[in-house]
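Taken from TrEMBL as is:
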{"type": "TRANSMEM", "residues": "21-41", "note": "transmembrane segment"}
{"type": "TRANSMEM", "residues": "106-127", "note": "transmembrane segment"}
{"type": "TRANSMEM", "residues": "187-208", "note": "transmembrane segment"}
{"type": "TRANSMEM", "residues": "215-233", "note": "transmembrane segment"}
{"type": "TRANSMEM", "residues": "280-301", "note": "transmembrane segment"}
{"type": "TRANSMEM", "residues": "308-324", "note": "transmembrane segment"}
{"type": "TRANSMEM", "residues": "330-347", "note": "transmembrane segment"}
{"type": "TRANSMEM", "residues": "359-381", "note": "transmembrane segment"}
{"type": "TRANSMEM", "residues": "393-414", "note": "transmembrane segment"}
Amino acid sequence: MVTAVKSHSTVARPRALPGSVTWLAGAGMILLIALYVYHAWGIRWVPLRSALTDFWSYVAAGQAVLDGAPLYEEGKAALPTIGGTFKYTPFAAVLFVPLVGIPVSVAPALVLGANVFALLAVVWTGWAMLGHARDHGRLAATAALGALSLGLQPVLWNNTWGQVNLILMAMVVLDLALPDHHRAKGALVGVAAGIKLVPGIFIVYLLLTRRFRAAAVSASAVAATVGVGFLVLPGESWRFWTGNVADANRIVGSAFTLGSENQTLRGVIGRALGDAEPPALLWLSVAGLVAVVALAVAVLASRQGNELLAVATVGVTGVLIAPMGWSHYWVWFVPFLVLGAHAAYVNRSRLMLASTAAGYLLLFAWPIGTNIGLPFPGLLFAKDGLPDTAVTALQSLHVTVGLVLLASAAVHVVGQAADRPRDLAPGFAAGRVLQ
C-alpha cells in the first residue's frame with residue numbers, strides 16, 4: 001500500500017470515480033460474495049465454541065455491572081477473558097449493559113452488521129476526504145474496496161472475535177472528517193478514547209494541528225466518560241484509573257508479550273531480546289521516537305490538506321506505541337488501502353497499484369493452519385515448513401508494514417512540501433469536508 005500522489009490532495013472540484021451501472025452492480029456483487037464467505041467462516045468457528053469470544057466478554061462485563069460484580073480485581077473478577085478481568089474502561093462496561101440478554105442466534109448478525117457498516121463508513125468517508133464526489137462511482141468504489149478490506153487479517157479477526165476496533169476507527173474518521181468549525185468536532189474522538197485508551201493519541205494530534213476547540217471537546221468527552229464510570233461504578237473506576245491503567249501487562253499479562261498476536265514495538269523488542277518484560281526505558285524510547293516523527297508527518301500532511309493520510313498515520317502510530325496490541329488493532333490498514341487505491345487511480349500508476357496490491361496480499365487472511373486448535377488466518381501465524389528466520393520476521397509482519405507505511409507517508413509529505421501549489425482554492429481541504 002502506498003500513499004504518494006503526484007498532485008496535492010486538496011482539489012478545487014470533487015473528483016469523479018468510475019460510476020457505470022455495471023461497475024456499481026459488480027461491486028455490490030463482490031461485497032455480497034465477501035459477506036457469504038464470512039458467513040461460512042463463522043459457521044466453521046461455531047462448533048469450536050470460540051466464535052465471538054470478545055463480544056461475549058462484553059456481554060459478561062455488562063452483566064457484571066448489573067450484578068455489582070468485580071471487573072478488575074484479579075482473583076475476584078470472573079469474566080470470560082484472559083485472567084478473568086475486564087480490559088477496557090469502566091465507561092465501556094456501562095456501555096455494554098444493553099448487550100445483556102441478546103440471543104446467541106442474533107449475535108453473529110449483530111456483530112457482522114455493525115462491523116461491516118463501520119468499515120464501509122470509513123471507506124466512504126475516506127473517498128470524501130480525498131476529494132471524490134458523492135455519486136455512483138464513489139458508492140461502487142466503497143462497496144468494492146469494502147469487500148477487499150474484509151479479507152484483511154485484522155478485519156477478519158475483528159469479526160471472528162466480535163471486537164470493537166472497526167467501530168472505534170469509524171468514530172475517529174467520521175469525527176476528523178468534519179469541518180474544523182463544526183461544534184461537535186472532537187466529541188467522537190473523546191468518546192472512543194473513553195472506551196479504549198488507544199484513540200487518545202488523536203487528542204494530541206488535534207493539539208499539534210492547533211485545533212484547540214476540537215481538542216477541548218475531545219478532552220471534555222473523555223472527562224464525561226470517566227465521570228459516568230465513577231457515577232455508576234465508583235469502586236471499579238477508582239481501581240482502574242489508579243492502578244490498572246498504568247499496568248503495561250493489564251490486558252493479557254507478560255506471558256503474551258512474545259506472541260505473534262502482540263503487534264507493537266514493545267512486542268517486537270521483546271521477541272528480539274527473548275524477554276517477556278523488555279526494559280521499559282528501551283521500548284519507551286523507541287516508541288517515543290516513532291511517535292514524535294510520525295506525529296510530525298501527520299501534522300505536515302494535515303497542513304497540506306491530506307487529512308486522511310494524517311489520520312491514518314496517527315492511527316497506525318497509536319497501535320505501534322501501545323504496550324500491547326493484538327493483530328486486530330491494525331484495522332488502520334484500511335485507510336491506507338483507500339489511499340493506495342486513490343493514488344493508483346489518480347496517477348494511473350501501475351507501480352502504485354502493484355505496491356498497494358503487494359501490501360494487501362501480505363496482510364490478507366491466508367488460511368495457514370491452526371493455533372491452539374483454532375483456524376488462525378494470516379501470514380504472521382505461519383510456521384509450518386518455514387525457516388526460523390522467516391517465522392521470526394513474519395511474527396512482526398503488521399509492525400513492519402506499519403513502519404513502511406509511516407516511512408512512505410514521510411517521503412510523500414516531504415515531497416509535497418517541496419512543490420506545494422500556491423493557487424489552491426481555500427476552504428476545500430480534503431480532510432475538512434465530510435460529504
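Glycine residues also receive a Cβ, built from the backbone N, Cα and C atoms like all the rest.
Packing against the transmembrane segment (187-208) from elsewhere in the chain are residues 88-89, 91-92, 95, 164-165, 168, 171-172, 174-176, 214-215, 217-222, 224-226, 245, 291, 295, 298-299, 310-311, 314, 317-319, 321-322, 325, 329: each is 6 or more residues past its ends and has a CB under 8 Å from a CB in it. When Cβ-Cβ distances below 8 Å are used as the criterion, the transmembrane segment (106-127) is approached by residues 17, 35, 38-39, 42, 51-52, 55-56, 138-139, 141-143, 145-146, 149-150, 155, 158-159, 162-163, 166-167, 169-170, 173-174, 177, 308, 334-335, 338-339, 342, 434 of the same chain, each at least six residues removed from its ends. Away from its own ends, the transmembrane segment (393-414) comes close to residues 1-5, 154, 260, 263-265, 267-268, 271, 290, 293-294, 297-298, 300-301, 304, 306, 309, 312-313, 316-317, 319-320, 327, 330, 333, 336, 359, 362-363, 378-382, 386 of its chain (Cβ-Cβ under 8 Å, at least six residues beyond either end).
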